Amino acid sequence: MAPQLLLCLILTFLWSLPEAESNVFLKSKVANRFLQRTKRSNSLFEEIRPGNIERECIEEKCSKEEAREVFEDNEKTETFWNVYVDGDQCSSNPCHYRGTCKDGIGSYTCTCLPNYEGKNCEKVLFKSCRAFNGNCWHFCKRVQSETQCSCAESYLLGVDGHSCVAEGDFSCGRNIKARNKREASLPDFVQSQKATVLKKSDNPSPDIRIVNGMDCKLGECPWQAVLINEKGEVFCGGTILSPIHVLTAAHCINQTKSVSVIVGEIDISRKETRRLLSVDKIYVHKKFVPPNSYYQNIDRFAYDYDIAIIRMKTPIQFSENVVPACLPTADFAKEVLMKQDSGIVSGFGRTQSIGYTSNILKVITVPYVDRHTCMLSSNFRITQNMFCAGYDTLPQDACQGDSGGPHITAYGDTHFVTGIISWGEGCARKGKYGVYTKVSNFIPWIKKIMSLK
């Protein structure tokens, strides 16, 4: 009986096995879905290791919280996370004028230096004319706490309040033909060095110099005027200021009995083509001190106030080859123009110290020389109405016959008269500079004379 009972129990157990298996084990499809995961959990060893950004966020994709655990600093976490999510928005250096860029998610923020604003710090807040000339193309003045721009005669202020728009084709200071050529054709600026003290000269030369200049092509020096004496000879230069006014040096006027003017010429040997313009009146500054005069020996100095204006009988006809230079304001000339590297001088004077005058108009660029160096270089008094320009070692200068001619300084595309060729000690001598009448000191006088009927 016992063996039969044991057999029944074994059969019953074997019959129940398939049902038990189906209750304990899931089907493979369901089991795979249940066990699927995207990231394994850190092992106990990993959890106790110090945070490592490469392990947490480079080898695997991490969350912001995991990054924070690594840096343990909110600011560092934000900086990392902004780049981690969508790249560095500051990599292209979008902030202008040395602004500081801070990356964000899908954006960036620029922190601007004082006087700058805008998303990219691209807008300059010009609250002073001393900062970039107040962003003015021509003249700047301070009105209350802001800057106000204005333009030279024959220009209109642009709608942006900064630019200057020429009213006509022949507005002052426009060098149409040379605009894209001047930089390539003129010598590079040469830094002046300390002047060499030379043996004392007996007298300053009343007419200074264009030595080793370049030919000025037709229309590239359109403000150049030439003064002709009663013999038909060139004896001085001048600067066209208006249809009826030519600026020149006072010492030129007492060199001849009569004066005629030529404009628009670059080759004065062709007498058959040149047209002499008649002079109506000449205004010489009443304080001008001629050389070897009574006043020179008392309390004034030779060639001080060396300025004169010629009034024409008939208006000068402007063209591409004949354009007046712009007259600056006194502040603009002193604070902006005369702080440029260099100016431009031109003329038909001697090409060597003892050479002949040139039939071809010559032009050179001459660097401004600081006043202290200027005074050390000369054996003669440099007054407040004078300034120096030129090279102390490079043999380039103006020379006899150039006197009265233009010293021009460009600002942007506009050319302003800044000086009058006045005097020098020889021509292109080592350690010596050309001396020019400082036009900025005479703006009121010039305007007064030009306003006379």
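One is the number of the first residue shown, and numbering goes on along the chain from there.
Note that Cβ sites are derived from N, Cα and C of the backbone, with glycine treated the same way.
In summary, of the candidate residues Glu75, Glu146, the record from Swiss-Prot lists 4-carboxyglutamate for Glu75, whereas the others have no such entry there.
When you go through Glu46, Glu78 in Swiss-Prot, the residue listed as 4-carboxyglutamate is Glu46.
Among the candidates Glu72, Glu272, the residue that Swiss-Prot annotates as 4-carboxyglutamate is Glu72.
Looking up Glu54, Glu183 in Swiss-Prot for 4-carboxyglutamate, the annotated residue turns out to be Glu54. The disulfide entry in Swiss-Prot for Cys151 points, among Cys136, Cys140, Cys164, to Cys164. Per Swiss-Prot, the 4-carboxyglutamate annotation among the candidates Glu66, Glu117 falls on Glu66. Ranked by CA distance from Cys216 (disulfide bond), the recorded positions Glu65, Cys101, Cys129, Asp306, Cys388 have Cys388 at the top as the closest. For the recorded positions shown (Glu69, Glu72, Asp306), fewest C-beta neighbours within 10 angstroms: Glu72. Closest in space to His251 (active site, charge relay system), of the recorded positions given as Cys101, Cys149, Cys221, Asp306, is Asp306, taking the CA atom of each residue.
Within its own chain, the domain 'EGF-like 1' (86-122) is flanked in space by residues 79, 131, which lie at least six positions past its ends and keep a Cβ under 8 Å from the stretch. Between the alpha carbons (Cα) of Cys149 (disulfide bond) and Cys140 (disulfide bond) lies a span of roughly 5 Å.
Between the alpha carbons (Cα) of Cys151 (disulfide bond) and Glu75 (4-carboxyglutamate) lies a span of roughly 50 Å.
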